Amino acid sequence: MHLLIMGPPGAGKGTQAVRIAEHYQIPAISTGDMFRAMRGLDTPLARQVQEIMASGAYVPNDVTNQVVADRLLADDCARGFLLDGYPRTLPQVDYLDGVLDEGARSIDAVISLAVDPDELVGRLIKRGASSGREDDTPEAIRTRQQVYIDETAPLLDVYRQRGVLVEVDGLGEVDVVTKRLFTALDERAGSGSALVGGTS
Ligand code: B4P
């Protein structure tokens, strides 16, 4: 089972990824979480990543690709994985294609969580107040939304053309969105795709 979850900043990728991963018994791999985990490290790369994230920009493709490639080598990825927030650019799509080809693997489904931009600003400002995340300030949120439109939104067409895109409305209670998401994945499995059922 090889899944991706995409969506604009604050769409709930991380929130839903944990639930999907538990359901299918695969690891949820969040590039955002991996970069945030570098925060305490006193290295030039860690400092560069922290500065970029705080501004709302994307971490360079070569750094991001390497971090993901290393992570996908871990034993827990043998049965599959859910990538949360990767790929986010066309060069990342190409790189991931290469990594998957090498291991004779392919993407089963790409979940796209769609939410109105105004709702997202509210969610992120609320999260910023409790998490203290440096990129949840109004200025960084605006940058993140624009970078998403410019660099990541075009990826939806790439995966739509490949016939693997599963579009889900991300507005509403977290549990309601989760239910919608599993219904959409089940429908895809029912239509003869490579998806198989989870544990519950
Ligand atoms: P991420 O960590 O992926 O952050 P995100 O887009 O803000 O979060 P997500 O959509 O997961 O929202 P969440 O579930 O937390 O990326 C952060 C940064 O890392 C990027 O800006 C970039 O700098 C860097 N980065 C990561 N991947 C990269 C890549 N591939 N290439 C380059 N750079 C990369 O939900 C948000 C909030 O909404 C939470 O408070 C949550 O509780 C709430 N929420 C969730 N679902 C809700 C619902 N249904 N209703 C109401 N609230 C909800």
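A Cβ is built for glycine as well, from the same backbone N, Cα and C atoms used for every other residue.
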Among R19, R105, R133 - the residue TrEMBL places in the same AMP site as T31, R36, A57, Y58, V59, G85, Y86, P87, R88, Q92, R144:
R133
Out of R47, R127, R142, which does TrEMBL tie to the same ATP site as G10, A11, G12, K13, G14, T15, G172?
R127
Look at the binding-site residues K13, R88 and tell me which residue has the greatest number of other C-beta atoms within 10 angstroms of its C-beta.
K13
Out of T15, T31, which of these binding-site residues shows the lowest number of other CB atoms within 10 Å of its CB?
T15
What subset of the binding-site residues T31, A57, V59, R88 lies within 10 angstroms of R127 (ATP binding site), using C-alpha positions?
none
Count the other Cβ atoms sitting within 10 Å of the Cβ of Y86 (AMP binding site), across every protein chain shown.
23
